[in-house]
């Protein structure tokens, strides 16, 4: 049996930008050639791409680390490094993407060919050509490439189907799907024969078509994780119409009406919005003895429990998946209902990460933090400060002096002095150590 994987956490790391170069023009008859170090190339992004042929996240079972290539370093004679190609990671349609640490929604990928950048590549470092000025016409200053974005993301697959077949185990959902489509799900006379969602394309007698999904059987407590639990309840979220399949034969000693209430309770417990979707009750196994009697009793109980006398009655279609009796009217009614039912947005209250740039003042957190270690050294940290540190090329004295000026401009010296730092104290940024000088 092919394995079905519908939730996975992966690590993505974009490519680092290429380093800028310190170089000078050295040619015969050009005594004052000046700086000639080129810029580094842009690092590659990590991009998710929807691939229509994929149906599961199985490809991520053994490969969960994705790293884009860095940009090319700058070269002499003013030549810039080449930007790296993006790393394309294929995902099936219906994949939602979240930040694993914050839980924030990054994107919802549903259309073939749709792309989503999940990690941005770093920009290339500037070569010494960029730092030339009248005051310093021959600078020995160049930047390292900017680090690429690194993050953990969660991929969650929710199958794309117009119609979802729900019900208790062994009520005949898989048999029904095999009859109305070309899908060939595993069918057996025991509970939980279906362990993965099965998709099938259904065509009605008048030529209309829709996608239907046979979802694994639910049991009481599924919304709290009992049985197959929430693992497959999520797949119902994308459906527009629910076919609620009920075993009317009562052969296992079950009450059809109690089954109906129990399944609806699980749907509501998982997500209240599932109850907004229109339902069609499929009274299955009508070829069995006592099925007619059970159906009449079911209709009686359903009418008795109606709270709104003006609400439309739920459509009930008696069928037999084995003899195929009543199948055609059911499919036509389902297609009719789909034509008037809109799509239900999955994430109305959540804001998807935007790729557009908004200009304007945005208050930021502190640019750096200072901590005191037990060995009396000082540790500097902070996203902006660490980024400056990583983009500094310490092989050239001028670049080191520039970094010192940047720290002073950020107020690091003043803050250290205010915390009690004295001449000769050790200051650390990452693995780098230097002495504090007043």
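Our numbering is plain: 1 for the first residue shown, then up by one each step along the chain.
Glycine is no exception: its Cβ is also placed from the backbone N, Cα and C atoms.
Remember, predicted model here, so these are calculated numbers, not experimental data.
Taken from Swiss-Prot, the feature GTP binding site applies to 167-174, 192-196, 214-217, 284-287, 320-322, supported by sequence analysis. Remark: residue 320 (GTP binding site) has 284, 285, 286, 287, 326 as non-local neighbours, by Cβ distance under 8 Å and separation of at least 6 in sequence. The DSSP secondary structure for residue 320 (GTP binding site) is coil.
The Mg(2+) binding site annotation in Swiss-Prot covers 174, 194. The Cβ neighbour count for residue 174 (Mg(2+) binding site), using a 10 Å radius and every protein chain shown, is 24.
Swiss-Prot lists 2-160 with the feature domain 'Obg'.
Residues or ranges marked as domain 'OBG-type G' by Swiss-Prot on the basis of sequence analysis: 161-339.
Residues or ranges marked as domain 'OCT' in Swiss-Prot: 360-438.
Positions annotated as region 'Disordered' by Swiss-Prot: 128-147. Counting only same-chain residues 6+ beyond the ends of the region 'Disordered' (128-147), those with a CB under 8 A from a CB of the stretch are 16-24, 34-40, 43, 70-71, 73-74, 78, 122, 387, 390-393, 396-399, 402.
Restricting the average to the domain 'OBG-type G' (161-339) gives a pLDDT of 77.
Within 10 Å of the C-beta of residue 170 (GTP binding site) there are 21 other C-beta atoms, taking all protein chains into account. Within 10 Å of the C-beta atom of residue 173 (GTP binding site) sit 30 other C-beta atoms, taking all shown protein chains into account.
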